[in-house]
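A short worksheet on the structure shown next.
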């Protein structure tokens, strides 16, 4: 660090005597926007500040840079860059390019709404005028002067009785103290005639009010895209008293009624209904802004890689072999899978992220599942209201809005959307499937679809002739038309059955000699007239067999563990696990100690699928290799899980040691994807190191403000 000169300008603008180096954090505003050091006022880096969500997380993404609009924030770390980033982060408003900071005062048509590009109006209040006083998020503008040769801009962060506090870049370079979340104070006075004046030795022109509300995170997360991640992030688990009568659930709502029925003892919904204590959450997780953004960007990035890996599998010269032997898709079904890849967009899924106290790492991608949807988008907010937890917002606040948007887009997709706009929601006889389906049906209906709930396979039958309500651009096929009990054509289905289950039933049906006159599960979901959500190609993307392909494309990704079909030297030289590619709910995961035998390490495969793919070679010969038998030592200090979903190939993966909270709990942070967009976070925790179907969903909050995590609470019932 170097000393600052002691002249009038520095003495009035700076608190300390030492500069924070260029590109390092000075402080964070009360509402969560970082201020970064430019080093000194004379420095012009000529380096571009890129919208945070566009920054690549691996070499794979650096090969195909983000091309979305509103990507360039300005020159690092000038005052204009900060104002542009602040407005984008807090209001989803974009400030167009400027030659100098002073132009903010005089140029017209400077601001647009990031969501739709519409102009945003402003009010300019000259200094020492009778206009409105400065308010939080206003832009203070200086003109050209000896110390501000290009003008200057800052953001009002707080208004006090006799001053305003502002945040700014390229004016003041000392680290902010913990209790001083602003750059400086500017004296303010009001004259007897009602004129408001900000007192500063530099030529202060006035303040600009951007007439747009703060961004509503119930509607989406667009504003999060612009937030810089400046630290590893923090997570707090705060215990709360358990209420076994689950009073936050509103039995006047169908979804809540079904959810309560699934929780209470013996399904008793009468007086005294209660759940077992072990079935009710007893805590909230609080995530700071850095952590939430890390999770969201990891999910978005890894989804792109998963899609690219799926394409890689389908394009491989030996794709027929790969699909059959590693993903369980028989050759006769593969044309239907490829058609679904071409026709039907992804709907949703969840990344399971592990956290070791520092790293956030993907464990797997459950993208053929909608479990914990209601709990994420609805229940955890109701719990927050019951407990009086107002800090932050639900980590699923915008999940419902994203689902509605997905269905709205689907409604305009002429390749997919049937003309009668009807979706059949097919589920098994299970409370969780029922309330999840009802929740999703509500989103589809908001978008304009009609819906029907179909429990098991009751009342489906075949009908002669082609469907009359097929999507306008659907390709005719020779598959039979299927109708429901009211003779309405089944042309779009949302399902809870996994594709593993569907394909298993398909194989069983083929090997059976029993005649079947009504449509079976596979007859419906493998019918080329019917578009399915999730589509059949999710049998690839949703399989754990995709993990080695993902790692092959982005081996340096900061949120991914090494994975392979072979016990490679890279994997077995550390703690590692094995798991079946189609295992679910944590079944048959085995944990192993590192292999220490020099002979075994020397004989372990060094090449894996990564090298084959990078050379555009067929992966078949590599995957068919027989690894040397290992003297695998099961990690006796940790847990393994018995059982299998179906017999399948194994994937080997490096192990992450999960952080234990409150000396007992191991959470998994599940990052939702809806379509191709991040949808929020839901947390599942267990006292076991392996998350299972029975693992508790625990409410979570994201705290975007710059405040300590957690709330004060006294157990006095609902507040």
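Heads up, the Cβ atoms here are built off N, Cα and C, so glycines get one too.
The Cβ of residue 369 (glutathione binding site) lies under 8 Å from the Cβ of 349, 350, 498, 542, each of these being in the same chain and 6 or more residues away along the sequence. What Swiss-Prot records for 350, 369, 433, 501 is glutathione binding site.
Counting every protein chain shown, 17 other Cβ atoms lie within 10 Å of the Cβ of residue 352 (ATP binding site). When secondary structure is read from DSSP and collapsed to three states, residue 352 (ATP binding site) falls in the strand class. The ATP binding site annotation in Swiss-Prot covers 350, 351, 352, 544, 579, 586, 653, 689, 690, 691.
The feature Mg(2+) 1 binding site is assigned by Swiss-Prot to 352, 364, with similarity to another entry given as support.
For residue 366 (Mg(2+) 2 binding site), the count of additional Cβ atoms within 10 Å of its Cβ stands at 20 [all protein chains shown]. Secondary structure at residue 366 (Mg(2+) 2 binding site), taken from DSSP and collapsed to helix, strand or coil, is strand. Positions annotated as Mg(2+) 2 binding site by Swiss-Prot, on the basis of similarity to another entry: 364, 366.
Swiss-Prot lists 432 with the feature spermidine binding site, giving similarity to another entry as the kind of evidence. For residue 432 (spermidine binding site), the same-chain residues 6+ apart in sequence whose C-beta sits under 8 angstroms from its C-beta are 262, 371.
Feature annotation from Swiss-Prot assigns domain 'Peptidase C51' to 54-200; the stated evidence is sequence analysis.
The site 'Transition state stabilizer' annotation in Swiss-Prot covers 350 and is backed by similarity to another entry.
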Intrachain C-beta neighbours of residue 501 (glutathione binding site), sequence separation six or more, cut-off 8 angstroms: 521
Close binding-site residues near residue 364 (Mg(2+) 1 binding site), where close means Cα within 10 Å, chosen from 352, 433, 579, 690: 352
DSSP-assigned states of the domain 'Peptidase C51' (54-200) in counts, ordered helix, strand, coil: 22 helix, 47 strand, 78 coil
Secondary structure at residue 579 (ATP binding site), reduced by DSSP to three states: strand
Where residue 501 (glutathione binding site) sits in the secondary structure, as DSSP reduces it to three classes: helix
Local backbone state of residue 690 (ATP binding site), from DSSP in three classes: coil
Residue 352 (ATP binding site) and residue 366 (Mg(2+) 2 binding site), distance between Cα atoms, whole Å: 7
